Amino acid sequence: MAKKYKLSLFIFRRDLRIEDNTALNLAIKNSDKVIACFIFDPRLADENRKHFNPNAFQFLLECLDDLGEQLKSRNGSLILLSGLPEDIIKDLKGKHEIDAVFFNKDYTPFSRKRDSAIIKSCEDSGIDIVSCHDALLHEPGTVLTNEGKTYSVFSQFFKKASQKGISFPKTAEGGQIYSGILDVDQVEISDFSIERNTSLFTKGGRSHALSVLQDISGFSNYDNERDYPSIAGTTGLSAHNKLGTISVREFYHYVENELGKAHTLINELHWRDFFTHIAVAHPYVFTGAFKKKFDSLSWSDDDKLFDAWCRGQTGFPIVDAGMRELNTTGYMHNRVRMIVSSFLVKDLHIDWKWGERYFASRLVDYDPCVNNGNWQWAASTGADSQPYFRIFNPWLQQKKFDPDCLYIKKWVPELEALSPKAIHSMEKGQQLLGVDYPQPLVVHSEERNVALTAFKSVG
C-alpha cells in the first residue's frame, strides 16, 4: 500500500506479539507513529458474565504483560483500553486525529459482528480501515473444492491446502510505536482482580512459547507419545496458538525445518484451519449440528448426571481424571478430551452443546471454532466427524492409553492405593472396600446400545 499515515491505531486481539504480525507490520511500515492498543471489550471481559473463563483470562493477562515488555524494547507502549471498540475509535479520532485503524481478522460470529461495527465507525469518522489475514495458515474461502465450496472432509481439505505455500515470518521494520500520554481513560492489568490459578497448565507470553518452539525437535516421537496422557508428549502450545504469541507461520516453519512437512503437528495445524473454515462458511454450527438431521436427536436434561461429569465423579476413572485435570489446570490431554466428550454424548446422552459450553468456561486454550469442531466430531454431528457407530469404550481406552494408571492416580488420588488391574476391573461394578469413590454411573455396554438406537433413528 502506498498511502502514508501520520498516526494509526493498531488493535491487538489474538496476535499478541510484534514479530510476524501482519497488520501491525503493515501499520508500522505505513505510519509515522502507531498507537498499539488492546481493548478489553465488556462483552468478553466482564468477570460476572455467564460462562466467563478465568483460566483463559489469566493467560490473556500474562500474554499482555509480556507484550508490554516487547513494545518497551522498541521504545513503545502497550495502551490498555476498556469499552466498545467503535466508541473508543471515535474518541481517539476526536482527541488525537488518528487517520487509520489496523487489525488482524478473527472469524467467530461475535468477532465478525464486532469488526463490522468497527468498520462502520471508521467509515462514519473518515478513518481508513486495514484488516489482514493472520491467524491461520490459509484464510477462510481460499481452500475450496473445484465447485467453489468449503470442504467438509478433512483429508480432501488437507490435500488441497498442502499444495499451497506458507509464507515465511516477517520482521517489523521502520515506523515508531507511540509511547506518549493519550487523552483517553486507560486501564492497567492490575485493575483486574481475578483469583490467580497457580496450577494453570501453561504460562502466557511469547518468551515462554519460544522456549518450547525452539526445542520442537524434541517432539520427534510425537506420533507414538501424543495419545498417552501420563507422558509429556504434547507441545502445550495450543493456548499460545489461540492468542498468537507466536504466529502460525513461525510454528509451521519451525516444525517443517526440524521435524519435516509430514509431521503430525503440521496435520494438526490444518485441523485448526479446517474447523475454522467450516465455522465461517456454516455459522449455524454454533447453535446446532453441522449435519442438520441430528438436530432432531432427543437428549437427556439430567442435571445430576451432567454435574457428576463436570466434577469428575462419574465412577469412570479415565473420565474423572480428565475432568479433574481440566478443572484444576484449565487443560485436558487431547486423547482424554475425546474420551470425556464421547462419554457425555454417547453414555450419558447429554447434548454436546452442554459440554461445549463447559469447556468454553474452563479451557485455557479455548478457541470457539476449534472447540465447536472437536465437540461435533466427538458427537458424530459435525463435518468429517467420528461415525456414530464408533463409540469410545472408556474402559478399553484407559487400558490402552493409561495401562499403569499413572494419569488416573495423579488426578483421582482416591484410587492411588489400588493396582492397575483393580482399577481396570472396576467396569464390573464391584464395591471397593475402603475407597471413597463412586460406583460407575451407567453400564457402558447398555448405554452404547441406547446411543446406537437413537442415532439410527435419525439416519
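In case you wondered, yes, glycine gets a Cβ from its N, Cα and C as well.
Sequence annotations record features per position, and here TrEMBL assigns domain 'Photolyase/cryptochrome alpha/beta' to 6-137. Annotated FAD binding site per TrEMBL: Tyr222, 234-238, 268-275, 365-367, in sequence order. Annotation source TrEMBL lists site 'Electron transfer via tryptophanyl radical' at Trp299, Trp352, Trp375.
Looking at Trp352 (site 'Electron transfer via tryptophanyl radical') and Trp271 (FAD binding site), their Cα atoms lie 20 Å from each other. The Cβ of Phe274 (FAD binding site) lies under 8 Å from the Cβ of Tyr151, Phe154, Phe157, Phe158, Gly373, Ala383, Asp384, each on the same chain and at least six residues away in sequence. Note: the CA-CA distance between Trp299 (site 'Electron transfer via tryptophanyl radical') and Glu268 (FAD binding site) rounds to 31 Å. Sequence-distant neighbours of Glu268 (FAD binding site) (same chain, six or more apart, CB under 8 Å from its CB) are absent. Of all the Cβ atoms in the protein chains shown, 26 others lie within 10 Å of the Cβ of Trp352 (site 'Electron transfer via tryptophanyl radical'). Compared over the recorded positions Tyr222, Trp271, Trp375, the count of CB atoms lying within 10 A of a residue's CB peaks at Trp375. Over all protein chains present, the Cβ of Gly236 (FAD binding site) has 16 other Cβ atoms lying within 10 Å.
Residue counts for the domain 'Photolyase/cryptochrome alpha/beta' (6-137) under DSSP, helix first, then strand, then coil, are 60 helix, 32 strand, 40 coil.
The 10 Å shell around the Cβ of Tyr366 (FAD binding site) contains 20 further Cβ atoms across the protein chains shown. Cβ neighbour count for Trp299 (site 'Electron transfer via tryptophanyl radical'): 14 (other Cβ atoms within 10 Å of its Cβ, all protein chains included). In the three-state DSSP scheme, Phe274 (FAD binding site) is classed as helix.
Here the CA atom of Trp375 (site 'Electron transfer via tryptophanyl radical') lies 20 Å from the CA atom of Gly236 (FAD binding site).
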